[in-house]
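Positions annotated as active site, proton acceptor by Swiss-Prot: H179. The NAD(+) binding site annotation in Swiss-Prot covers V17, D38, K43, Y69, G83, A84, A122, T123, N124, S147. Marked as substrate binding site by Swiss-Prot on the basis of sequence analysis: Q86, R92, N124, P125, V126, D127, D152, T153, A154, R155, T233. According to Swiss-Prot, the feature beta-D-fructose 1,6-bisphosphate binding site maps to R157, H172. According to Swiss-Prot, the phosphotyrosine annotation covers Y224.
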Amino acid sequence: MTNEKVNKVALIGAGFVGSSYAFTLINQVITDELVVIDLNQDKAMGDVMDLNHGKAFAPHPVNTWYGDYEDCKDADIVCICAGANQKPGETRLDLVEKNLNIFKGIVDNVMKSGFDGIFLVATNPVDILTYATWKFSGLPKERVIGSGTTLDTARFRYMLSEYFDAAAHNVHAYIIGEHGDTELAVWSHANIGSVPITELMKKNDQYKQEDLDEMMENVRHAAYQIIEKKGATYYGVAMSLARITRAILHNENSILTVSTYLDGEYGADDVYIGVPALVNRNGATEVIELALNDTEKEQFAHSVNVLKEILAPHF
């Protein structure tokens, strides 16, 4: 017999994002057990059947089944992907009213099971709904995490790698703030192989500031472009969720731009927002406070204020 810890993830919501997340978990050897929960039982059961039929090809056997809220009791992570989808022309913040009501029911049911793990929230507007999950659950703030700007940061690094012709894993740069229209690039800390991008710009006149400005707009509007072309975004965010899940279950102490609670950091308080944070088995345990320049401070404060204005009528 073995006494090794068995990692368990409960996924709530088997839509585009949820099913893509489940597929990624199984193929990246991240968890030992995965339970899929959805109001549409046939969809969830169909996903589980489909995933299990490929088990012979998976790099690691993952015990996958369809379940209900009671199965959350001993889960290490409950990942919420359920909720109303963003429609073409609709902002993430337009979804607030619809999804707050949905989340109250979900979180209440999860907590009734005796759940005492970590919530990982993917549904938009993710910063608002992560705050709501924290309020509804009563869990410590570090054990409620949103996907935040992890995907935006990945998009940013990809675009920078293409522009500067460098491998994406050698690009170090962050997108912080609201996962949405007020997010910002931290240009003052962006570098490639430890060389600041500002230095690269000075050394080579083929690099233009207007190109970087356009790049930031492309990062900010990437989701809208994808939704317009294919109806929804799901692969990228699923991979971001899987990355956060790995950091938690494998106790990595990785720094990821998750949506986490601020209590004075960056001059803000009582808000969940995307910033670099230390992520491990205990959740988002420490906010990494970057020294922002004056422009970045102003942009970040604006992002915080937008979120607080949305939260104010509800909490």
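Cβ from N, Cα, C; glycine included.
Residues V17, D38, K43, Y69, G83, A84, A122, T123, N124, S147, recorded as binding NAD(+), reach a greatest CA to CA spacing of 24 Å. DSSP assigns H172 (beta-D-fructose 1,6-bisphosphate binding site) to a strand.
Of all the Cβ atoms in the protein chains shown, 23 others lie within 10 Å of the Cβ of R157 (beta-D-fructose 1,6-bisphosphate binding site). Shown are the binding-site residues V126, A154; of these, the residue with the fewest other Cβ atoms within 10 Å is A154.
In this structure the C-alpha atoms belonging to V126 (substrate binding site) and H179 (active site, proton acceptor) are separated by 7 Å. For G83 (NAD(+) binding site), the same-chain residues 6+ apart in sequence whose C-beta sits under 8 angstroms from its C-beta are G13, L95, K98, N99, I102, F103, T123, N124, L129.
In the three-state DSSP classification, G83 (NAD(+) binding site) falls within coil. Shown in sequence order, V17, Y21, C79, I80, C81, G146, S147, V237, L241 are the residues of the chain, 6+ apart in sequence, with a C-beta less than 8 angstroms from the C-beta of A122 (NAD(+) binding site). Among the binding-site residues Q86, D152, A154, R157, T233, the ones whose Cα sits within 10 Å of the Cα of H179 (active site, proton acceptor) are D152.
In the structure shown, across all protein chains, H179 is the one of the recorded positions K43, H172, H179 with the greatest number of other Cβ atoms within 10 Å. For the pair T233 (substrate binding site) and H172 (beta-D-fructose 1,6-bisphosphate binding site), the Cα-Cα distance reads 24 Å. With K43 (NAD(+) binding site) as the anchor, the candidate recorded positions are A154, R157, H172, Y224, and the one with the nearest CA is Y224. Of all Cβ atoms in the protein chains displayed, 21 besides its own lie within 10 Å of the Cβ of T233 (substrate binding site). For the pair formed by D152 (substrate binding site) and the residue listed as 'phosphotyrosine', distance between Cα atoms is given as 13 Å, rounded to the nearest Å. Across the structure, R157 (beta-D-fructose 1,6-bisphosphate binding site) and Y224 (phosphotyrosine) are spaced 19 Å apart at their Cα atoms.
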